[in-house]
Amino acid sequence: MTTPALLPLSGRRIPTLSPGAASFPHHRATLRLSEKFILLLILSAFITLCFGAFFFLPDNSKHKRFDFGLEDVVELGLVYKTFVTEMTGTNKHTCETPLRDKIRADHERALQEAKEKLRKSKEELKAEIQTEKTKVAEDLKKKDGPKPLPPVSMPKLVGVNNGDPGDPDTKEKRDKIREMMKHAWDSYRQYGWGHNELKPIAKKGHSTNIFGNSQMGATIVDALDTLYIMGLHDEFKDGQEWIEQNLDFSVNAEVSVFEVNIRFIGGLLAAYYLSGQEVFKVKAVQLAEKLLPAFNTPTGIPWAMVNLKSGVGRNWGWASAGSSILAEFGTLHMEFVHLTYQTGNPAYYQKVMHIRKLLAKMDRPNGLYPNYLNPRTGRWGQHHTSVGGLGDSFYEYLLKAWLMSDKTDSEARKTYDDAIEAIERHLIRKSNGGLTFIGEWKNGHLERKMGHLTCFAGGMFALGADGSPDDKAGHYLQLGAEIAHTCHESYDRTVLKLGPEAFKFDSGLEAVAVRQNEKYYILRPEVIETYWYMWRFTHDPKYRQWGWEAVQAIDKYCRVSGGFSGVKDVYSSNPTYDDVQQSFFLAETLKYLYLLFSSDELLPLENWVFNTEAHPLPVLHLGNITLPVLNHFKMMD
């Protein structure tokens, strides 16, 4: 009988005997190495399962689980270690292999890690478990997240900051507007952070049905580019951090496709172009993917609303016979073209071009576009045409599609020119007092009423003057000036020097609201927008004067301790507040005022085109772009 060969305790195994020895039971003496390893692997799996269950099962009292005491775990470890020692007992001279050494080392390390975990407190263990869960979630998110966007050359960006007007008086006025922006932002930051908008009287968050039931921080996204342009970079960084950490589009919320496009996608793209921060582009693309299901209709005309989670779309209940609205499905082109440019995905461009081509094939009464179109049948709804609400930005985006394409999209320009010619023939009139206004066409009848929203058209006519057919540039610049004058009169004829929501031109009344529900002012930008465009094209000092009148009126009658609020009656010397600080007040009204008192070098119109929410997007010089996606831009099928 040979003398047993022993190993040190740390790597212990059962003594081995010579082949002829009979002192051990037959099953021990004849146990093969493969059988040992099979048993070893089974026990290893069991131990791993026990420790995995102990450390990673959810910590919830509603779920039953085993409670291992310290003694139980130590004893389990010792039993396991003894079994390993027994199962690996072989002749060290013939069976020692690197593989076995590795297995032994791995199990020793696992035991050591288990002992170290048992020395930690319950709170430390919970923290480790949560960290591991977070890491797993992040890894899954990276794996299943959006594909990296292709590298795209940045368009030429000119005049993204400064714009010092030069003279001290103008600079002082611009600084006042900047201070108003800071008051609006700081109030939202304090009382409504993360909510879509702010109730400045109640000093709490506010939202409307256009954003569904979600808190998507609409004011943050809408205000970003204004903050950047004004040099409020600390505030801009606060907004960027919120977007990075909190802006989530996987919410069960039914939102307006139009409003989310112009405010969120437009705002995020503008912030990206101005700052170069990639997060804004990534978020814009993520949101755009959520909007695409809205186009799943028989005609390709999108629904007005879409659920961001389910992708289910529908139209507003009040719209004519379930129709989509011209200004909504016609105000996607600018943002969607930039999305295709940034992603290389032609789907966005194809969606908006399909809409344009469908409209081109349809009959138009008197050359006018009705405001309602049924997305199921492809037929017009009620024959109501307006350059104000329901129709306005459709015409604006035809012109801006041409401008944004570096004036190469001749189809968009032709469609715009034809539409404006029909509008001038059927909707534009002069009042008895000599005021030029744009009425609304309803079932063959012209309603002599003009809305505040329609006042943007003065700026549009001026912006489109250059490039007009038949040498009409001077005519359209003059038409823009006349609209600006009419809209200023609507402000000047009120007690507060702020314009009403709508005003009439009949029964001896001109540029005055008649109905009580048309006398409110909700911080709208359209009149100031026209002042700014007219200033850029004429430099007539009256536009800055009119703009300053608006600044003083807003600061006097709309400013409250918690921000800025709309007022319910601009003809009352003691107005009541509507208690809403609209996101577009920061995105548009204050931005246009700031630009009005800045030099033309700040966001020059040769290089930038503003979307209908005043978010600046650069002109795309597509002729100089060699990306494969250029072929899609040139598709005109």
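Backbone N, Cα and C define each Cβ position, glycine as well.
These figures come from a predicted structure and were not determined experimentally.
What TrEMBL records for Glu259 (among others) is active site, proton donor.
The annotation active site is assigned in TrEMBL to Asp392 (among others). Under 8 Å, Cβ to Cβ, and six or more positions away along its own chain, Asp392 (active site) finds Ala327, Ser386, Leu453, Thr454, Phe456, Ala457, Thr612.
Around Glu501 (active site, proton donor), the same-chain residues six or more apart in sequence whose CB sits under 8 Å from its CB are Gly451, His452, Ala513, Asn517, Glu518, Lys519, Tyr520, Tyr521, Ile522, Arg524, listed in sequence order. Per TrEMBL, the feature active site, proton donor maps to Glu501 (among others).
What TrEMBL lists as active site is Glu526 (among others). Taking Cβ-Cβ distances under 8 Å and a sequence gap of 6 or more within the same chain, the neighbours of Glu526 (active site) are His452, Leu453, Thr454, Cys455, Phe456, Cys487.
Here TrEMBL flags Thr612 as Ca(2+) binding site.
Per TrEMBL, compositional bias 'Basic and acidic residues' is recorded for 135-146.
TrEMBL lists 135-171 with the feature region 'Disordered'.
Annotated transmembrane segment per TrEMBL: 37-57, in sequence order.
The sparsest Cβ neighbourhood within 10 Å, among the listed recorded positions (Glu259, Thr612), is found at Glu259.
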